[in-house]
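Some features that TrEMBL has for this protein:
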DOMAIN    205-306  domain 'FAD-binding FR-type'
TRANSMEM  12-29  transmembrane segment
TRANSMEM  49-70  transmembrane segment
TRANSMEM  91-111  transmembrane segment
TRANSMEM  123-146  transmembrane segment
TRANSMEM  158-177  transmembrane segment
TRANSMEM  183-202  transmembrane segment
């Protein structure tokens, strides 16, 4: 079995991103300043160079957020999302520096008469910049302003307007001077990359219609939704631990797309999502009914032990058990079963998701051992409090032998990962995944 995560592809993509910016800079510098000169570029020249880097960065933003399979497979949306956020800061900085350095000589004197002489295509650039500032501000403060996801998602569509305006601006300003020079062809290349990305984004989406065939109550605020293909055809292929984007087509719910972990083991007939009420949208999922339909896009993600050799340590916090349960059930179905130790951290016994199923699997053989940690309840031989290095070292010998999969609240995952590293665990043996809508 080939592992879901592809380390060599991740390293290759990092190198490609570095070379992408390197060539953007080198080609721009060659065209603006000249490659065979020792002349230090002026602020005006640097402004033009940063303009190329900024527009190139915007195109890279669109590529990183596209969800296209050729990019996401083996890398994961979680990792691409982190790269997307890091790149957004760089691209936005380049774009702000672009006009500032171009017109610094006027700005430092508070002389804005140069605005009267700007061409139409230069004004397009200013409009694109203003829209980008509004867009970025809206994104940064959306959580603080309690802006709904769908509203936030709609504002993200303005990014295409920014790309269009910035593209026309970049290509037309000084296009006559740069015609048939390296920078001219670089602009053509990045515009082609944008077009190809849009084509792949909308022509290769992995979407299918499913119907809800069962709804199972796991705890007082968590339920499992069972889905089967509406066309009665075969299930899509997925690996244990992956997730999908779901849009429930119910008259009682808003038609919003949300990512949910797949909690079932691949079986070819149906699959399940186990969802906890934890927000405006998930609090309404009790209105779902058997027979309702859903648009499913996926699978995505690389948080999976598929194709990896054990033994494994699974550390779950609350509903973070869902991808780990998928892996546990898959392991149970295999001829060769890898040893798994599950640390399951919940508030009370009543909050244990998959309690009966986990107990049954633990009794089936010696390959699974479960350690419970209750934060709000003292219960027998179980631990009280939160998962920590003391509990881990008490339950595990030879920590370096295991591969660790951690899923739960972001703070919990971060703290546990740091604890494991302090205990001497190689960070390459620690796997986490966090997907956010924004």
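Including glycine, each Cβ sits where the backbone N, Cα and C put it.
Keep in mind the model is a prediction, meaning the values are calculated, not measured.
At the 8 Å Cβ cutoff, the transmembrane segment (183-202) and the transmembrane segment (91-111) share fewer than 3 close pairs (sequence separation 6 or more) and do not count as touching. Here the transmembrane segment (91-111) has long-range neighbours at 43-44, 46-48, 50-51, 53-58, 60-61, 125-126, 129, 132, 136, meaning same-chain residues at least 6 beyond its ends whose C-beta is under 8 angstroms from one of its own. Long-range contacts of the transmembrane segment (49-70) within the same chain, counting only residues at least 6 positions beyond its ends with a Cβ under 8 Å from a Cβ of the stretch, are 17, 20-21, 24-25, 27-29, 32-33, 41, 77, 80-81, 83-84, 87-88, 90-92, 94-95, 97-98, 101-102, 159, 162-163, 166-167, 170, 183, 186-187, 190-191, 193-194, 197-198, 200-201, 204-206, 300. With DSSP states grouped into helix (H, G, I), strand (E, B) and coil, the domain 'FAD-binding FR-type' (205-306) comes out at 6 helix, 48 strand, 48 coil. Taking Cβ pairs closer than 8 Å, the transmembrane segment (12-29) reaches residues 35, 41, 48-49, 52-53, 56-57, 60, 71, 75, 83, 87, 90, 182-183, 186 in its own chain, all 6 or more past its ends. On the 0 to 100 pLDDT scale, the model's mean across the domain 'FAD-binding FR-type' (205-306) is 90.
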